[in-house]
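According to Swiss-Prot, the features are:
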| type | residues | note |
| --- | --- | --- |
| ACT_SITE | HIS206 | active site, proton donor |
| BINDING | ASP49, TYR145 | acetate binding site |
| BINDING | ASP50, HIS104, HIS108 | Co(2+) binding site |
| DISULFID | CYS38-CYS237 | disulfide bond |
| DISULFID | CYS148-CYS152 | disulfide bond |
| DOMAIN | 42-232 | domain 'NodB homology' |
| SIGNAL | 1-26 | signal peptide |
Amino acid sequence: MHFSTLFGAAATAALAGSTNASPLARRQVPVGTPILQCTQPGLVALTYDDGPFTFTPQLLDILKQNDVRATFFVNGNNWANIEAGSNPDTIRRMRADGHLVGSHTYAHPDLNTLSSADRISQMRHVEEATRRIDGFAPKYMRAPYLSCDAGCQGDLGGLGYHIIDTNLDTKDYENNKPETTHLSAEKFNNELSADVGANSYIVLSHDVHEQTVVSLTQKLIDTLKSKGYRAVTVGECLGDAPENWYKA
């Protein structure tokens, strides 16, 4: 189940309607309401789900080489355990490099299949892990499978979460082979409008897929820059100052 685009329009309207606010410091990002796009045109938020994983450090290198900040929606224990091996160092590096770290739940369940108590537990477990790793807890999240009904949205809103959807899915998980990754790059190019003054995008990819890291990401960056877009974190995309990206 995909979030309704109606929620995206409502969230954008709520963000845009903030009065007497500076572009960054005072804009209020809605909680408990799925958000599909940025609050001003010309911005692209590259987002990566399911990590950290083997390929994530290389992705961080590529982003740094291109002077690009991105957003990582991390799991606690999915492809890898967030607190095992070098993963804590990877999380700390994400933040040190200026990226936004959000939650993708602890174990990647479909939140619509869980009770309220279990949904809350999934989110709290990630918060506890990230506090142990680097002393922070996310305020941004993306639901696994983009699946979050009204009850789920209510629970996440009660926890103070900004729910991030997407309006451009690269489908990289379908094209994780050297001979097919170009299909995701072409999809991105085709769906990224040339009308920079009227469009913005929250782009969905996954740092657990090798071709996304070694091939696709550079193509995404080159394409968005060639069309005149600027790559930003989801927080900047929504006019949210960095000091507001995490819970106290």
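If you go along the chain as it appears here, the first residue is 1 and each next one adds 1.
Glycine is treated like the rest: Cβ placed from N, Cα and C.
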Other residues, Cβ within 8 Å of ASP50, HIS104, HIS108 Cβ centroid (Co(2+) site): ASP49, GLY51, PHE73, VAL74, ASN75, ASN78, TRP79, THR105, PRO144
Where HIS206 (active site, proton donor) falls in three-state DSSP terms: strand
HIS206 (active site, proton donor) CB neighbourhood, other CB atoms within 10 A: 21
Closest of HIS108, CYS148, HIS206 to ASP49 (acetate binding site), Cα positions, recorded positions only: HIS206
Spatial neighbours of CYS152 (disulfide bond) that are distant in sequence (at least 6 apart) but have CB under 8 A: LEU111, ASN112, ARG119, ALA143
Closest of TYR145, CYS148, CYS237 to HIS108 (Co(2+) binding site), Cα positions, recorded positions only: TYR145
Spatial neighbours of ASP50 (Co(2+) binding site) among the recorded positions CYS38, TYR145, CYS148, HIS206, CYS237 [C-alpha, 10 Å]: HIS206
